[in-house]
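**Student:** Here it is, the structure in full.
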Amino acid sequence: MSSHTWRTTALALGTSLSLALGMVQPLAFAQTPPAADAQQATKIRLRVDGTTIAAEWDAIEGTDHYTAELISVANGAVVGESLHTVHNQSFFTVAVPGSYYVQVTAWQSATQHSEPVRSAQVEITGEITVPAAPDAPVFELLGGGVARVQWQRNSNGGSDITGSEVILRPHGGGADITKLVEGETSTAEISGLVQGQAYTAIVRNRNSQGFSPESQPSDPIAVTPDPAGPRLTVTPTKVDATKTTEFTVAGVGYTGGAVTDGVFIVVWDSRKWTPGQRPSAQDFAFSRSFVVAPSEINDGHFSKKITIDANSFDQSTGADYLIGTIAGGSAIGTDRRVDKAVPLELQAQPVANVKAAIANTDNVVVSWDPPQGNTKVSEYRIKLFQVQPSGELNYLTQLSKGPNIRTVEFGNQRPGQYVATVEANISEDFLVQNFSTPVRSNVVEIKAPEITKPQPPTSVTLRATGVPGQVEAFWIDPTDTGGGRLTGYRATLNGGAQPVIKEFGASETSVVFGDLKAGVAYTVTIEARNAAGYSAPSAPSASVTLDAGATAEDENAEISLADTRIDASNNSSIEVTGHGYTGISEVDLFVVEAETAAPRFAATKVAVTDGNFRHKLLIPARTLDPRKKYTVMTSHGGKYEARALLKFKDPAAAQPRLTVDNNKVDSTKDAVVKVSGSGYVGDGAAQGVYVVVYDTSTWKPGQKPTARNAVAEWVRSQAIVDGRFTVDLRIPAGILDPKKKWAIGTFAAHALSQTDRSLDSSLPLEVAGSVAPSATATTTPTTATTTPTTSATTPSSTTPTSSAPAPAPGPKEPSDTGSVSKEKKPWVIVGSVLGVLAAIAAALGAVMTMFPQFLNGLRLR
């Protein structure tokens, strides 16, 4: 069901988790759109790292782009260039010490914008100092005397953070437990906690100048006895989302301090929470939960029945769901020891309205409608069966098509009865499939065609061969063969005392008549034969009269072609050799349609030496239609006419090659790299190609892509011409870590990205920059005519982000493969809503920092 429906249900039922944490109010607020006057960039947050100022602000729905400016307090002037960006963060480098603030303007169009909003002032001294104290950390119990501490740093004092000291301080006195961690990390696990002792967590950051002051301490947490190996079972685990389902959730080993206040059973989108990881406040608010009270847990055992209404699981967003447990009461934010979960498998729903029909006498066309209320389909599988006289079905073949396809055609089927089945696969993993129950079509019948006599051949030509008393006839096969296969021909030569008749097989393309008299005008007619008999005679050829003496020079002319097939979609060449062109110094060489001998294509003049020539004839791309027949022909003043049939190549195989206008970028600046590709042809290009910037440790060409990409562009199939495309790859500042190895790569778009490796290609991308990004960016693939949408995630974030592929979402359009998933627009949280979520986070012990977790999903689309 939709996110709105889920929130409404949660609010109406007053879920136990929301009530326990006082979360009913934010649910109500989440359904109320922000006031119109609140639609402006607010709460600009700044962090100073030496001479670098990082700014982030709340995203505004409906904004086309932002202008961010660094203003000097001393003179009110803009420092450097104004930054125009579609992202809600910017970086500024300051050369002159002083006081500064950042001003942000949200633009709805080229002429309409909000009132500029200012940040608080910050001071740039140019001095290198110890780091500022980090924010108060989050402290969680993991079990076995181990705790996890997470924190968010503030200013680095102008020097990179080289490490941190994590301190667990016993409440009431005693020796600290400390741990040093290297590098700019923000999480650490620390052991040695003593049962029965309460601790607070404190963190100090370190740079080249030394340690920062200590952070504010976390709330104290007492170490209680561990549970006895909690195990969770859920029955059933396979769910028909269209029906109300009762689950039995049972636990064993749920003992110790983690269950002092009971546990919560949560039904959750698996992208929102991983057991053992602390979820964010708003994700708690939008889960469905049930209380297992302490009195319901006996010797660590509990069993509870929960009911989930029909259509509560939203299959349209591609979400997977789980049922899990999490510590109850105030321990939900600080105790991970009973975090357990069992994944649910949503049954694929059957397709609807499967119909079969006959097209073009021998093609079976199958159509269907998608499963009702389920757009998570990753592919359709269509099987064709022939109905036997006994009624049994004989499997013939199958096709797999992408989620936007609604019709397929099985061509060139033999006479008989046919039926088709269609099933939907909702699994995004190519190796693990989840198909719906097959739905059968109606029975259709292809009737044996009634064979009639063919139409006569066309373009019948007669010429003297150059051999005394000999002529040769040529023709074009009829386009209408009467519904049957041609089996032969009959040629009738007229002009002599008696007609001369020759019959021959269908494989012949010409026929020779000899022992003819000079001075007689001869014509020829051709008849085509199939199982029903001969056609009517063709129109007679033009007459040919043989000379009494020597054969005319031009009648000896003949040409031959190299054994080469041309590619009509690309520039091609073929070697032509001519003999018997005596008496002339040059001849016209060209290509004509075989049936009409016109118009002339690729015409040129060729020099003739001693009656011979050899020439490489160039045929420009897209000049010829490979569905037609063409001949290479010569002519000189109406004589010296000779022909040879031209042959076409089969469809080209992909040979992807990439070039870029610049393979070096500065990670601190927005960059645009122009990427060009060639050789992107074949079945793999059916839905276009993804062009991505990726970490080379996450993918290699030839392998199925599974990781998220920093930047991605979708080049649609119609934008690939003759296997070539060009696209501007926009790389926002601050998303590429110079310490990692990056590359620009390509692979087939949509579902083909998981099954077709023919378009895999890459080039290295050199990333420089003195400022390492503060976040790892993930980008939703966009079309080459739109701007990529990027969202940043901190290491502790549990907010899901989109990626390409697996399979990646794409715009709705009829296509062979691809996704019809629609990306949800992020909520715009402003004013009182932001305040309420802050209060929730405080109740959970969440840290409200300069870049809070719940803002990660809020990005301009």
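A Cβ is built for glycine as well, from the same backbone N, Cα and C atoms used for every other residue.
Okay, so TrEMBL annotates it like this:
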COMPBIAS  208-218  compositional bias 'Polar residues'
COMPBIAS  772-805  compositional bias 'Low complexity'
DOMAIN    133-227  domain 'Fibronectin type-III'
DOMAIN    350-449  domain 'Fibronectin type-III'
DOMAIN    456-549  domain 'Fibronectin type-III'
REGION    208-230  region 'Disordered'
REGION    772-822  region 'Disordered'
SIGNAL    1-30  signal peptide
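Thinking about packing and proximity, how do these listed features fit into the structure?
**Tutor:** Taken through DSSP, the compositional bias 'Polar residues' (208-218) splits into 0 helix, 2 strand, 9 coil.
Here the domain 'Fibronectin type-III' (133-227) has a mean pLDDT of 94 out of 100.
Summarised by DSSP class, the composition of the domain 'Fibronectin type-III' (456-549) is 0 helix, 44 strand, 50 coil.
Packing against the region 'Disordered' (208-230) from elsewhere in the chain are residues 128-139, 141, 143-145, 147, 149, 151, 157, 159-160, 162, 165, 167, 169, 171, 193-202, 251-260, 300, 325, 334, 337-338, 340, 845: each is 6 or more residues past its ends and has a CB under 8 Å from a CB in it.
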